[in-house]
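**Student:** There's a structure below that I have some questions on.
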């Protein structure tokens, strides 16, 4: 499958573009690739859906912030791979797109741009504003340890949610009674109201109060769901968490939220990532940090020590004369980037342990060593340490 394009590139806007500029850019793309203008052109249809997906993210402040920070992985859980978070366009019909972006298409419901598109009309008539109900989003939390974050992991969730009614299959109607065209709006989902003003008669189009914008009414309502088309149930969902996710990151799994009334558009499942603290390692973005406490003899004469990593312990050589504050870098032993670009390092911060109590023999030995010039810091060492200390205040 082709890799997803950058959403800003799709709409030909920049990260500094305002919501209004993004809306204008999307409107331009929607007109260019609209199915009515490009009948039978599959490539144009895909570009139309691609533009709609980009607009869905960039026009929403929360989604846009996640996308700016994490890229496609923040929206799809597996950057551009069409996985379980494959974005809304993969499972959305053209009618769904028109329904979600009614303010752009002037209430289109599948039969051309319609008269409500203002100065962008002319691709068919209708002015229909039939509405599809969208289910609400569901939110869950997932707690991950560093090992799971480093490799990616699948998690199963047992969700209590609204699902299509098992009796009426989501229609809301009892048996085969079905639905009837709304007598108020004649199926358009909207009504035009005339209002007298000092400038003359003003016409406004509003949602039909009888059918609530659906364009149809149910005479014989389902006995199980009461005509809503949904009931409370359960669903087990498997979520593939990508490697490199971070605390506070929110993933979105399209279409796995609450079902929409009357076979409407389902909401999304939003997964908030929480990170379990590691007993020895601290995370710093994609790097991991470990505080190594060396004994004085090992720091002085050198040796080998074991360092914990995500994949187990590794032996690291300690050079003779290793100073406190030195940082050893184990490349590639950190966490992968959630966007798939590179892996962090494991930074080993060296500290030297000074014993609090000594035996007589140990104290005597150290007193003898104290007289040695090698145990007295030279002027150059003092200057080096002072420069490092002063840099903390620059």
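Glycine is no exception: its Cβ is also placed from the backbone N, Cα and C atoms.
Among the features that Swiss-Prot reports, Zn(2+) 1 binding site is placed at 165, 168, 222, 225, with the record citing sequence analysis. The feature Zn(2+) 2 binding site is assigned by Swiss-Prot to 182, 185, 208, 211. What Swiss-Prot lists as domain 'J' is 6-71, and the listing cites sequence analysis. Positions annotated as repeat 'CXXCXGXG motif' by Swiss-Prot: 165-172, 182-189, 208-215, 222-229. Residues or ranges marked as zinc finger in Swiss-Prot (evidence: sequence analysis): 152-234.
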**Student:** Residue 165 (Zn(2+) 1 binding site) to residue 211 (Zn(2+) 2 binding site): how many Å between their Cα atoms?
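**Tutor:** About 20 Å separate the Cα atoms of these two residues.
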**Student:** Measuring Cα to Cα, how many angstrom lie between residue 168 (Zn(2+) 1 binding site) and residue 211 (Zn(2+) 2 binding site)?
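**Tutor:** Cα-Cα, rounded: 19 Å.
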**Student:** Could you tally the C-beta atoms, other than its own, that fall within 10 angstroms of the C-beta of residue 225 (Zn(2+) 1 binding site)?
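**Tutor:** The Cβ of residue 225 (Zn(2+) 1 binding site) has 23 Cβ neighbours within 10 Å.
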**Student:** Across all chains shown, how many C-beta atoms besides its own are within 10 angstroms of the C-beta of residue 222 (Zn(2+) 1 binding site)?
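**Tutor:** A count of 22.
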**Student:** Counting only residues 6+ away in sequence within the same chain, which have a CB under 8 Å from the CB of residue 185 (Zn(2+) 2 binding site)?
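**Tutor:** Listed in sequence order, they are 191, 208, 210, 211, 215.
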**Student:** Just checking, which of 168, 182, 211 (binding-site residues) has the fewest C-beta atoms within 10 Å of its C-beta?
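**Tutor:** Least crowded of the binding-site residues 168, 182, 211, by Cβ count within 10 Å, is 182.
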**Student:** Over the span of the repeat 'CXXCXGXG motif' (182-189), how high is the average pLDDT in this prediction?
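**Tutor:** Mean model confidence (pLDDT) across the repeat 'CXXCXGXG motif' (182-189) is 88.
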**Student:** Which are the residues of the chain, 165, 168, 222, 225 excluded, whose CB is within 8 A of where the CB atoms of the Zn(2+) 1 site average out, their centroid?
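**Tutor:** Going along the sequence, the neighbours appear as 166, 167, 169, 170, 171, 172, 173, 174, 221, 223, 224, 226, 227, 228, 229, 230, 231.
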**Student:** For the C-alpha pair, I'd like the distance in angstrom between residue 222 (Zn(2+) 1 binding site) and residue 182 (Zn(2+) 2 binding site), rounded off.
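**Tutor:** About 18 Å separates the two Cα atoms.
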